[in-house]
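*Asks:* I have a structure here, written as C-alpha cells, and I will follow up with some questions on it.
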Amino acid sequence: AAMVKETIRVYARVKPLCRRQQAGSYSVDNEEPLPSLEITVPRDLADGFINNKRESYKFKFQKIFDQEAKQDVLFDSIAKPVAECVLAGYNGTIFAYGQTGSGKTFTITGGAERYSDRGIIPRTLSYIFDQLQKDSSKVYTTHVSYLEIYNECGYDLLDPRHEAARMEDLPKVTIMEDSDQNIHLKNLSLQQATNEEEALNLLFLGDTNRMIAETPMNQASSRSHCIFTIHISSKEPGSATIRRSKLHLVDLAGSERVGKTGIGGHLLTEAKYINLSLHYLEQVIIALAEKNRSHIPYRNSMMTSVLRDSLGGNCMTTMIATLAMDKRNIDESISTCRFAQRVALIKNEAVLNEEIDPRLVIVQLKNEIQDLKDELALVTGKQRTSKLSQEELLQLDELIETFLKDSDPDSCLDVGADMRKIKYCFVHMKQIINRPVTSDIKQEISEQKASNKESEEELEKLKGLLQQRDNEINILVTMLKQEKKKVRDTLFQLDATSAGSTVLEKSLSVSLEKSQSPPRCFSLKEAKGFSSSIPRLPLFSRETGGKMSLGCQEAFEVFKRDHADSITIEDNKQLLKQRFDEAKCLGEKLNEARNKINHLKGKIIQRQIQRAALAVSNPSEKLTSDPVEENLRMQIEEEKKSYKTVYSRFKGLKVEIEHLQLLMEKVKMKLQKDFEVWWSEEAKKFQQEKPEMVTSPNTGTVYPRFIRSSQHLSTNSSSDTSRDSPYEDPAVKNYLTTSSDPTSKTRAPPGSSTSIPLTGDSQADADILAFIKARQNILQKKG
C-alpha cells in the first residue's frame with residue numbers, strides 16, 4: 001500500500017482583539033520556507049512569569065493566520081488538503097489547541113452569527129459530499145460520530161433515543177483494545193449520512209446535546225474535548241478492495257493552567273482532569289519527538305487513546321494553535337506556541353487503508369478453480385468417470401434450452417471440455433427432436449382442465465360474495481323501517497305536547513343561566529389544582545408549556561433587550577427573509593427558463609415539419625442547413641446555460657437557508673440558557689443583600705409598588721417569553737428554581753444551607769426584579 005511520511009503540520013491563528021483589550025506586541029514574518037511569529041514580552045510581565053528574563057520569542061509555523069483571516073481562507077489552506085487525502089483513502093485529523101476563549105470552537109465548529117462564520121466541520125462536510133457527488137466511478141458510504149470527553153469519561157453526543165438534560169444522561173462510551181492493539185469505542189453510535197443536509201442535522205443534534213449538558217458554572221466547550229469523526233468507505237463496482245478512511249475534527253479543552261483560573265471544589269477536580277489529559281497529550285508528544293523512546297504512554301488518558309493513530313501513527317495530522325494576543329494572555333500564548341513547536345517534530349506514516357472484501361474473493365476463486373479443472377481435463381486428455389451431479393444436469397438443461405431459443409445464427413453451446421457433458425447434451429437434443437406430438441396434445445388438455453377448474457372456483461367465490469351483500473342489504477332495509485317508525489311516533493307525541501312547550505322553554509333558559517356561571521369558577525379551581533400537581537421545570541417547561549411568573553417575564557424582556565444574541569436572532573430573521581425571497585425569485589426564473597426552452601423546442605419541431613413538407617412538394621431542390629433552426633438551437637443552448645447557473649445558485653441558497661435555520665435555533669437556546677444562569681445569580685445576590693426583608697413573613701409590605709406593577713404586566717408580556725424550551729436545564733436546580741405557581745413551595749438547592757423562605761414564587765420574582773432594577777439605577781447614577 002502507498003505510504004506517506006510527513007511531520008504534523010502546525011498552523012497558528014491569532015484571535016481579533018476586543019475594543020477593551022490591550023494589545024500584546026507581536027509580529028508576523030512571512031519568510032521562506034516557513035513564516036515565523038515573534039512575540040515580545042513587556043518588561044513588567046517578564047519579571048516573575050518567565051525565568052531568565054528573555055524578552056522576545058520566535059516560533060515557526062507552516063502558515064500564520066493573523067487577526068483579519070477569514071474562515072474560508074482557513075478552510076482552503078488547512079482543511080481542504082486533509083479532506084482530499086481522506087477521500088483518497090488516508091486517515092486525517094485536524095485539532096485546535098489553545099487557551100479558553102482563543103477561538104478553538106469558532107475555528108472548528110464556527111460562529112452562530114453569520115453563514116460566512118461556518119467553521120471547519122460544516123465546510124468540510126459540504127466539500128466532502130460535493131466531491132462524492134462528482135465521482136461516480138466508486139460507491140461511497142459515509143457515517144459520522146460525535147464523542148465528548150469530560151473528566152476522563154466519554155459521552156456519545158449523537159444518541160438518537162433521547163434529548164439529554166444532563167451530561168450523565170448521555171450514553172457512556174468506553175475504550176476496548178483488541179489483540180492487535182487496535183482501539184475500539186464501545187457504545188459510540190455511528191450514524192449514516194447520505195447527504196450534506198443529514199450530516200449537518202447530526203452535527204446540530206450533537207452541538208445541541210453538548211450545549212444542554214453544559215453546567216452554568218462554566219461553558220462545557222472550554223471544559224471538555226470534542227471529537228467529530230467522518231467515516232468514509234469506498235469501493236469500485238466489481239472490485240473486491242474496499243477503502244476505509246476517517247477524519248477526526250477535534251476541539252480540545254482550554255489549555256490554561258489551573259493556578260490562573262482561581263477555582264476550587266468540584267471545578268478544581270474538573271480542571272485537574274482537563275489539565276491532566278492535556279498533560280498526558282504533551283507527554284505523548286514529548287515521547288514521540290525523542291528518537292529512541294520505545295514506550296509511548298498513549299494509555300494514560302482516554303483522549304490520547306482515541307487519538308493514538310493521529311499522533312505518530314497512520315494518519316495525516318494538522319494542528320491549529322489558537323492564540324489570544326492581548327497583554328494578559330501573552331504568557332499563555334507563548335506556552336501554546338511552545339507546545340506547537342514540539343508537535344511539529346512528530347513524524348506520522350499515513351498508509352492507504354485498503355482491505356479485501358472476502359465474499360467477493362470467494363466467488364472469484366470458485367470461478368477460477370472451475371476454469372482450471374476444465375483446462376486440466378483438456379490438456380491431460382483424461383476423462384472423468386464419475387457421474388454428473390443433479391446440479392450439473394439441471395445447469396446443462398438450462399444451457400440447451402437457451403441455446404435452442406436463441407435465434408442468433410452465431411450462438412454456440414459451450415459446455416467445456418468434459419466428454420460426459422457433451423454426450424449428455426447430444427442425448428438430450430435427440431429426445432427433444434423425437435418427442436412425439438401426442439405429448440404436446442396431452443399437455444394442452446391437462447392445461448385446459450386446470451384452467452376450467454380455476455374458473456369454477458372463481459364462480460363459487462363470486463356466488464358467496466353476492467349472498468353476503470344480499471344479507472347486508474336486507475339488514476339495512478329493516479333498520480331503516482324501524483327508524484321511520486320511531487320518527488313517526490315521536491312526531492305524534494310532539495303534536496300532543498305542543499301546548500305545554502312554552503312552559504318548557506322558559507324553564508330551560510333559567511336552568512341554562514344557572515348552569516353557566518358555576519362551571520367557570522370550578523374550571524379555575526380545577527386548573528389551579530392541576531397546575532400544582534404538575535412537577536415544575538426550571539423557567540421554561542418542556543412538557544406543560546408553563547408560563548414564567550410575571551416578575552420573571554419582565555426580567556426576561558429586559559435581559560433579552562440588552563443581550564447581544566437577540567440582535568443576532570433579529571439579523572438572522574432578516575437575512576432568512578431575504579434568502580427566502582431570493583429563492584422564490586430564483587424559482588420563478590427557473591420556471592421561466594424551462595418554459596422558454598420548451599417553447600423553442602416546439603418552434604424547432606414546427607420548422608422541421610415545414611421543411612419536410614417543402615422537400616416533398618419540390619424534390620428537385622437540394623436541402624441546405626437551415627439558418628433559422630441553427631439560431632433557435634443556439635438560443636436553447638444559451639437558455640440552458642442560464643438555467644444551469646440559476647439552478648446552482650438556487651441549490652447553494654437552499655443549503656444556506658437550512659444552515660441559518662439551525663443557527664437561529666442554537667442562538668435562541670443559548671439566550672434562554674444565559675437568562676437562566678443570570679436570573680439565578682441575581683436571585684443569589686438578592687438573597688445575600690436583603691436577608692432581613694426576605695425572611696419577613698408578609699413580604700408584600702417590602703415592595704408594594706413593584707408587586708402592583710408586575711400585575712399589570714400580564715397584558716403586555718410578549719408571546720416570545722412563554723416559548724416552550726426544547727430542554728430543561730439541570731444546572732439551575734442548584735440555584736433558586738423559579739416557579740409561577742403560588743401554591744408550590746420554592747425548592748431549595750440540594751445541600752445548600754441558605755434557602756429563600758418566600759410565601760410564593762411570583763412574589764419572589766417581583767422582589768428580585770425590583771432589586772435588580774434598584775441596583776441598575778444605583779450603577780447608572782454611579783456611572
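Heads up, residue numbers simply count up from 1 along the chain you see.
Cβ from N, Cα, C; glycine included.
From TrEMBL, here are the annotated features:
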DOMAIN    7-346  domain 'Kinesin motor'
BINDING   Gly98, Gln99, Thr100, Gly101, Ser102, Gly103, Lys104, Thr105  ATP binding site
COILED    438-472  coiled coil
COMPBIAS  709-720  compositional bias 'Low complexity'
REGION    709-760  region 'Disordered'
COMPBIAS  735-760  compositional bias 'Polar residues'
*Asks:* Find, among the binding-site residues listed as Gly98, Gly101, Gly103, the one whose Cβ has the highest number of other Cβ atoms within 10 Å in the structure shown.
*Replies:* Gly98
*Asks:* Restricting to the domain 'Kinesin motor' (7-346), report the mean pLDDT as a whole number.
*Replies:* 84
*Asks:* Mind giving me a neighbour count for Gln99 (ATP binding site)? Other Cβ atoms within 10 Å of its Cβ, every protein chain shown.
*Replies:* 24
*Asks:* Highest CB neighbour count within 10 A among the binding-site residues Thr100, Ser102, Thr105?
*Replies:* Ser102
